[in-house]
Amino acid sequence: MPVAPAFLYQPVTNSPSYGHLILTHKHIWRNSLCIPAAGAILSLTILFVQLISNALKKRRALSEDQLSKRTTLAQSEGQPESARAKFQAYTNQHGSSAIFAFKFARSLGSIALLVISVLDLYQKFDEDELAGHWHWRKLAHRRNLPQLALIGTYWYTSVLSSLSLIPGQWSQTLARHTNLTLFITFTTYVYRDIWPLATFNKEPIDNVGRTMIWVEIGLLALTAIFIPLFVPRKYIPVDPENPMPVPNPEQTASIFSLVVYSFLDSVILEAYRVPHLSHEKLPPLCDTDYSDKLTSDAAKYLDPFHGAEKGRHIFWRLVYVLGWEYLGMALSIIAMVFASFASPVAVNRILYFLEQDDPDVNIRPWFWVFWLFIGPFLVSVTFQWYIFLGTRALVRTQAILTQLVFDHSLRIRFKAEADGESKSAQPSGFTTPRIQPDDESVERSVEGSTSTDAETVVGHTASTTEQSTFTAVEEQSVKAKAKDQPTKAPAAQKKKDNLVGKINTLVTVDVDNIANAKDFLMFVIQVPLEFILACVFLYIVLGWSALVGLGSIFLLLPVPGYLAGLLQSINEKKMEKTDARVEATTQAINVLRMIKLFGWEKKIKKQLDVAREEELTYLMKDKVVSLANDLINYIIPTITMLVTYSCFTMIAKQPLTPSIIFSSMAVFDVVRNVLYRTSWIFSMTIRGKVSLERISKFLNESELLDNYSEETCTEVTIKTVPENKSDVVGFNNATFSWSKDADGGVLTLSSKSFRLRIPDTVEFKKGKLNLIVGPTGAGKTSILMALLGEMHFLPSSVDSWFNLPREGGVAYAAQESWVQNETIRDNILFGSPYDEERYKKVVSQCALETDLKLFNAGDKTEVGEKGLTLSGGQKARVTLARAVYSSASVVLLDDILAALDVHTARHIVQECLKGDLLHGRTIILVTHNVALCSPIAEHFVAIGIDGLAREISDISELLGKDKQLAEEIGRQEEEAEIEKEAIDTVKQDVKESEGKLILAEEIAEGHVSWKSIKLYLKGLGGSAPVTFVMAWLIGRLLIDASTMFSVWYLGYWGTQYEGHDPRDVSTAHYLSIYSALLFSCCAIYGAVSFFYNLGTQRASRSINSQLVHSVLFSTLRWLDETPASRMITRCTQDIAAIDIQLAGSLNNLMGLLTGMIVKLSGPVFFTPIFIFPGIFVAVAGSYLGNIYLKAQMSVKREQSNARSPMLAHFGAAIAGLISIRAYGSQKPLRNESLKRIDHFTKVSRMSYNLNRWIGIRIDLLGAFFTTALAAYLLANRKINAANTGFSLNMSLEFCSFILYLVRWYNEFEVQANSLERVQAYLDIDHEPEATEAGKPPAAWPTSGELKVERLSARYSPTGPKVLNELSFTVKSGERVGIVGRTGSGKSSLTLSLLRCILTEGSVFLDGIETSKINLDALRSNVTIIPQMPELLSGSLRRNLDPFEQHDDATLNDALRSSGLFALQSQMDEGQLTLDSDVASGGNNLSVGQRQILALARAIVRHSKLLILDEATSAIDHKTDTIIQSTLRNEMSADTTVLTIAHRLQTIMDADKIMVLNNGRIVEFDTPQELLQKKGGQFKALVDGSGDKKALYATVEQKNKANL
């Protein structure tokens, strides 16, 4: 400890008159009592500078003055006359009455200090001096100057504190100067009078001659410490014009409240009282965290569009934006590092004091006991403040970057395929990509898909994270335009450079990576600083031996480096296997209904089990290498410690005393933590850097629309529209491309760049219906995109222009329908005011009335993400209704009829396009349905396959030149006529109310159930879970006990040097035993961890197998009630959590629990009385942890619920970007984004701050426990220094374990929610399991004979019967047609034959009752082709033969028989082959193509019973005829075919016809007999058909053939 200068501690004189220090003239102003005066002078100087600065810049204080005036005016309303009201208004101007009270108390304290200092000066004069002649020279004597300086200081603070009582802009400034001056004075007295009490050789300076010194110090403590710490802060709004009604408590909390986070107490207590704390009960978001403010402040530094510097790296700009947070974090880290060495120093000094009989020390030991408390407390305060600032920076970073990406996305150009009709240019879908840490498993999110044609202009390759995204929800939309369209090439379907996917990845994976890289300061500051201080400390304690030991670290560093590389390699391979397993699982769930109908459950489960086993193999490798890495990271510091101690004792021959041992061990732990911390912080930092550069590239290199691009400003000026054309919608001599690339466009399927060329003038008729027509793939959609400014304008000459006047508004309906996750009504209104009469007309004209009646909530039904509640046709009509309802004068419609059947399309044309709501508005309609729309159109624009667009006078002009288009129109007319024959139209995309059918996902409250825990424990232990758990826990206890014993033994070794010469102690003996103990600890840890890893592998395998089995063998009813996305989430995200996070959290939780027990036993063994404080600390910690968990679990749920809508809105907005820009609705969408970000920020900050609340309290508890133990051991001194050090070491670890125990218990609760969700899916209803008795004969069925007796069916046990006692017989080989109106029971009959629904009665197939055989045996021998067949992703070969049981010749024969080759006979390219790729669900094929492939698959199966459920509804008449011929001629003679008919022509040559009505058979006979039956229903249907003669002729031809 440095010695104070002599002049500061002069000997006290015996002079009764002075009673103070004798000061020389030279040293007067170097006296420490003059320090406060110097501080006052400095304060006064700064204050003077501030006054001048404020006078020059009065505007800086204007906002506060306005607020003060407004507050004053608001409080003076009504002219309060009472003094109390006036006083209340006065105190409110200070912020609150509490603030005023503290200010008043500080003023009184300052005045009291002034009085005391004057009295002290008065006491310096004796009675003679006071009685004699007074002279100012006596007062100004140099001996009195220090006291006069002190009086001047107190006078200055009294004036400042009194002036601070005047409300205004200077009140806070004056208060700060007062606090600073008083604090300097207080620290001066601490140094003079309190610090000497902690030493053996110094005395308080002011004890002599100053009777009121301790009163003065007490008042200083009150005014300089207590009041500044506890005075609430005044709320100063960010926007004085719009202050918060109720500020967040954080903004008004005192410094002490901020340090200990007591401003959260009200939230904690409220959460403890209620079952669930909703977000409404949380404090409002601080206005400093409003995303609008954050983004507006950051835009000029980060957004290139707002002038951000492109040359400067975005990292430095982001640090500048969050500069105050990072500066505070840096200072906190530095303070924390220095404070962390307080405990080792204190332990060293205490043990040194105990080791010596007559210690040569200057500082009293109680000071080091106090230091044992204050050190960890300071570490906790600084660390928690670092995390507090870090999480604030994290949340602000998320808000800023999310909104920044969103804003930039509103300005970028989407490139689309030139085939405007293959898919819309409207991107759709949203992906929540998975996060891929290098050292942990990945949680998958399955909230959406990335199906789109949009791609980025940025040419970088998608990262691993992007390639790992996968589709969770299958989109099924029927596109009529794709019926005769060539199959798209795989290259067009599998775009790697997907802009929508990238944008969604940026706001999920990349933003999170950047936010989580906030700890780079630890790597930059903490790691090197800790290492340097550790080296210094160890060098001071252990000398050069420490340098040798630390050098061994660098020699051993390549080992963990090699393991890290190996771990990364294994992790990459593991992720590939995880991707494969997830892809297989996702596909299986997406086609689960098909799997069940075909009886493939067992085969599919085997495939999934194989994929899972491959994943688990690499998961185990990952765990083993991770364990090896942990052991190496533990062993390296251990070797370092052993090398150091060996050199110190064996070479330097120094005694290894307890004070050296236990203090150095604590520092070696610091080194160990540095090694641990370095690896993961470096990994997180690199990941954050990569993500930050990806966002920077997106902001700087993505192509902007011409309106926003600086580079195209010169080109855009050429677009000047002539004045007489300002209200014209059209083009003149214009060319457009999808991007500004050198080739001027993107590649089409034919690998040629596409350009839209309009060489002449094209003007659309104002107030009329304009048609844009052309063959499939010509680029009709691109004309609309060019008008909307979505394409890049390439002026051909100086008179080139295009124009879309927006003054009257623009409405746009995309072909790929875009809806928001709002109600149907809100989607239609889209921000427009509600007009009931107009709204009802829109609903009627858009054919939505029937649909709305089917929803319980009507138009208040929420459509869900991506409109999951609605079918494809319903979404198309809602999109149309939005455009019709708007008041826009220009309406752009992109093939709105494509997803509608002919009847609905005709209604739209007649009622909507010709209706009064669109009358007088300029309508531009892209359509391929020319036959239906051309009669009402008044203007036509045609585009050729070469991208050349021109006006045409009449549609016949185009048909004469374009044979391909003429053929298309001919087919349309043919299909329209065929539709008239339909008995029952295809279901018009209408469902029952999803709100009623889909079960709401339950949110668990409270703790995890024992049933779920038992599920995991059984998985861990297999057949002997109790034995496994007991063995594992015993192993954990052995780990902690052996570690504790090794620490005790090291202290025991140290005691051998007491009273002995170091050379007499057998160092080799003790070192070898100690080394054996340490390596035994490692061996036990490795063995127990490996044993536990084996159990986690067993649990992962078992739980996944149970879950997959449960889902695959569930009932069809459960599948109807459960969205596929939820099932996928269980099988992917929750399984991933169980594999890694749950296993790790349980291991850490139990390790901490056993560690706490063992660590407490150490101090208790030597000091039994401390069992009570230990139990008290544990109980108090558990109580605090419990009330913390109650609040945190609620907030965590709210946080999860808040993030999903934020990302969902982002994804929905990006998916509908073109529609949003067309409507000009960027601002409302942006405001909604800001609102959702603010909501997420509010709950996120609360969640992070709750961690600070519990952390500081647990640390405080631990510090109290350790301090009390040290004080007790020091006072009693019944045990030696070694055991004292051992007890202190264990108590420090025990206290640190409490906090981590609470944290890991919280983490375990969170991760165990995955167990809860999996358990819920294990408890569902299942179909009957297969039994040995249920196996049919090997040759069954040998024929297709079907006999049904009194068959009834219902969908649920309590539901109504949908079939009523049906009885009929079908002979083997017969073809039966089934007809009936909607709801007659046709599809229910097919499901009941396969036992997919609840049935009564008997069904015999080939003489065996189907209810007595296993379901898989029944369904694998019966084939059903549904109306909407499902396909697997992969090759066409895989879809026909998923289990590789047939050769290619057989598969090609099936394709030929199904009519595929006939369909492709006129196609030059793009034909389907066995090697053609099929997208998930067959989304890259038309519905007709899918039905043909499903029929081919049925032919391959050679089933004796074939059921076609309207299987040819989407196939043209020609192909349908080929298929029917195949069914007659290609099928074996004993194959029975049941056909549910959509067209009469399909079933007229059947052997028998069954007519159903209300679940009953009303007619069942041959077609000839039924046509002869007078008054028969079937005869009435045929006679009412427009093709009556052809139908009768088919029956006659059938009869002649039979003869």
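Yeah, the Cβs are placed from backbone N, Cα and C, and that goes for glycine too.
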Practice task
Could you tell me which of the ranges 28-52, 253-277 is annotated in TrEMBL as transmembrane segment?
Solution key: 28-52
Exercise for the section: State, in range form, which of 546-567, 631-652, 1071-1092, 1164-1185 has the highest count of Cβ pairs under 8 Å to the transmembrane segment (1254-1274). Expected result: 1164-1185
Exercise for the section: Kindly say whether the transmembrane segment (546-567) and the transmembrane segment (28-52) touch, using the definition of 3 or more Cβ pairs under 8 Å where each pair is 6 or more positions apart. Expected result: no
Problem - Any contact, the transmembrane segment (658-675) to the transmembrane segment (1071-1092), with at least 3 Cβ pairs under 8 A - result: no
Practice task
With a Cβ cut-off under 8 Å, give me the same-chain residues at least six positions beyond the ends of the transmembrane segment (366-388) that come close to it.
Solution key: 198, 259, 261, 328-329, 332-333, 335-336, 339-343, 345-347, 349-350, 353, 1248-1249, 1251-1252, 1255-1256, 1259-1260, 1262-1264, 1266-1267, 1270-1271, 1274, 1288, 1292, 1295
Completion exercise
When pLDDT is averaged across the domain 'ABC transporter' (1346-1583), the result is 80
Fill in the blank from the handout: Of the listed stretches 212-231, 520-540, 1071-1092, the one with the highest count of C-beta pairs below 8 angstroms to the transmembrane segment (1135-1158) is 1071-1092
Problem - Other parts of the chain folded back onto the transmembrane segment (1071-1092), taken as Cβ under 8 Å at six or more residues beyond its ends - result: 624, 627, 630-631, 634-635, 638, 642, 645-646, 649-650, 1020, 1031-1032, 1035-1036, 1038-1039, 1042-1043, 1045-1046, 1049-1050, 1053, 1143, 1147
Exercise for the section: Could you tell me what the rest of the chain brings near the transmembrane segment (212-231), counting residues at least six beyond its ends with Cβ under 8 Å? Expected result: 98-99, 102-103, 105-106, 109-110, 112-113, 116-117, 119-120, 157, 179, 182-183, 185-186, 189, 193-194, 204, 206, 254-257
